[in-house]
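Trainee: I grabbed these lines from Swiss-Prot:
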- 35-37, 41-47, Thr231, 261-262, 269-271: ATP binding site (BINDING)
- Asp67, Tyr212: L-glutamine binding site (BINDING)
- 34-44: motif ''HIGH' region' (MOTIF)
- 268-272: motif ''KMSKS' region' (MOTIF)
Amino acid sequence: MADTDSRPSNFIRQIIDKDLASGKHATVHTRFPPEPNGYLHIGHAKSIVLNFGIAEDYNGTCNLRFDDTNPLKEKVDYVNSIKKDVEWLGYHWEGEPRYSSNYFDQLHGFAVELIEKGLAYVDFSSQDKMREMRGTLKEPGVNSPYRDTSVEENLKHFADMTAGKHEEGTAALRAKIDMSSPFMCMRDPVIYRVRFVHHHQTGDKWCVYPMYDFTHCISDALEGITHSLCTLEFQDNRRLYDWVLDNISIDCHPQQIEFSRLNLQYTVMSKRIINTLVDENKVSGWDDPRIASIAGLRRRGYTPDSVREFCRRIGVTKMDNQVEMSMLEACIRDDLNVNAPRAMAVMDPVKIVIENYPEGEQELLDAPNHPNDPEMGSRQVTFSREIWIEREDFRESANKKFKRLVLDKEVRLRNAYVIRADRIETDDNGEIQTIYCHYDADTLGKDPADGRKVKGVIHWVSAETAKAAEFRVYDRLFQVPNPAAEEDLFSTLNPESLVIKKGFVEANLASAKLGENFQFERLGYYCLDQDAETEGRLIFNQTVGLRDSWAKIEQEQTTGS
């Protein structure tokens, strides 16, 4: 067992500690059981970190199991994507990936056992009729007219279902529990239904498929899971989980434990809503960097360490709440501040001509890759007569608080010289096209010899060697913290969630690798996007800004000011 002093404490770990201390379990065995009907999001990451993390901390094991009981919505592409996401987060499952479909033969046998015990029956009622007979939270359900069919007849009917003798929607196997139960999931739930659908693992072997609630508990038991961790919406279903295992011949009975799901502000995690966003071209796909899918976060430049740290910081409780986006952003900002090499980029360029710098000359200047980590080394950047700076870094006149370049005043260029702005050239609309300056040749790496103070520092790139680049600057996808609660969700989309800028980067970035993280000095953290490979040009995604620009906005929304 891992050092308990180094582990975060929560109610789940307290349960596990008690189980191990009492001898109820000798080891810990968890699982991550996604349904392969979509891509994983940050909420799944919380479950991954919890299940795999607990297994690691207790020297136990964690299975990856695909709950593939609904072939209508499942695809091999989703299976492969889920495997990739789990591995990207840094986790390795026990043995080969499992599939609930691996257990279809056993599941079918357990269904027959329930029939033989008089605890399941085939219902020929329509789906609408079954829904009507189910009752409401305030009214008990009504027994199906097929509820008291004999065991022999039910065995024959279920065999006919299995043999494909009933059409879809005309017959279903239901557990016989209690139609007056205050818990809707216990009112004779369907545990098998007819589906004439090709399955991505079992092919056309089956035309009856078990329901999730019947499959999940049995799969856990067959795999010897000790602690079955799931989100709070399955709390009532725990009664069905236990009922199934209590009424079949199986030795293992895992303990289901529920925890709160992750609700992240300014985004959505519903597969239905995200699919609509994709279909209506509101986002580019499930890996759009504005979506909190694991693929989207990875494309945006989030690291596995930052996602795992986020999941640790939010903790595990039984209380549903909204987690601020700024907490996720703080995790990647903290990570990249330490680990991302620095580089220079200009996103809204205006040209500077240094008139006293020799024409045609260039020099290579040393620039540290990280100001606080000498072990990250340095790189060489080209300095030349013509350079690009950010348009917002120049003013014709400004007050003393503006510590950048002002006409007739000086500023230092990062890792280079002090320059002074002498005059400007504008176009017919008054837009500044060129700033003419002169430089102090004796200020490379040192202060001016006469002791004058130059307070501001700005970044730049050589106009002669810089590479053209596209910058995709991302913001919150929605303008409200909880868009799913809005009546017209799409009206709350942020029209400025993606702003595309054209500019330049230092020449060294021509060799940047896909997904490689950088801090563009004074601008933010960026990574090379996958479109750079397909389009043959430099495209960088903003991962996160240097500072939390939304903190004040969120505070105002909280206080109502």
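Every residue gets a Cβ built from N, Cα and C, even glycine.
Small disclaimer: the values here were computed from a predicted structure and weren't measured.
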Trainee: Give me the Cα-Cα distance between Asn37 (ATP binding site) and Asp67 (L-glutamine binding site), rounded to a whole Å.
Mentor: 10
Trainee: If you measure Tyr212 (L-glutamine binding site) to Leu262 (ATP binding site) at Cα, how many Å is it?
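Mentor: Counting only the Cα atoms, the answer is 22 Å.
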Trainee: Mind checking which residues of the chain, 6+ beyond the ends of the motif ''KMSKS' region' (268-272), have their Cβ under 8 Å from one of its Cβ atoms?
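Mentor: The answer is 37-38, 41-43, 262, 292, 477-478, 483-484, 489.
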Trainee: Any same-chain residues 6+ apart from Leu262 (ATP binding site) with CB under 8 Å of its CB? Would you list them in sequence order, or say none?
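Mentor: Within the chain, Leu262 (ATP binding site) has Cβ neighbours under 8 Å at Ile42, Gly43, Lys46, Met269, Ile314, Val323.
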Trainee: With a 10 Å radius around each C-beta, find which of these binding-site residues (Glu35, Asp67) has the fewest other C-beta atoms nearby.
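Mentor: Glu35, out of the binding-site residues Glu35, Asp67, has the fewest neighbouring Cβ atoms within 10 Å.
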Trainee: When DSSP states are grouped into helix, strand and coil, how many residues of the motif ''HIGH' region' (34-44) land in each?
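Mentor: Helix/strand/coil tally for the motif ''HIGH' region' (34-44): 3 helix, 1 strand, 7 coil.
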Trainee: When you measure from the Cβ of Thr231 (ATP binding site), how many other Cβ atoms are you left with inside 10 Å?
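Mentor: The answer is 15 other Cβ atoms.
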Trainee: Hey, of the binding-site residues listed (Asn37, Ser270), which one tops the CB count within 10 A?
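Mentor: Its Cβ has the most other Cβ atoms within 10 Å: Asn37.
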Trainee: Hey, which of the binding-site residues Ile42, His44, Lys46, Tyr212 is the loneliest by Cβ count within 10 Å?
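Mentor: Selected from the binding-site residues Ile42, His44, Lys46, Tyr212 on minimum Cβ neighbours within 10 Å: Tyr212.
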Trainee: What three-state class does DSSP give Thr231 (ATP binding site)?
Mentor: strand
Trainee: Mind tallying the motif ''KMSKS' region' (268-272) by DSSP state, helix then strand then coil?
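Mentor: Here the numbers are 2 helix, 0 strand, 3 coil.
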Trainee: Tell me, what is the mean pLDDT of the motif ''KMSKS' region' (268-272)?
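Mentor: Across the motif ''KMSKS' region' (268-272), the average pLDDT comes out at 92.
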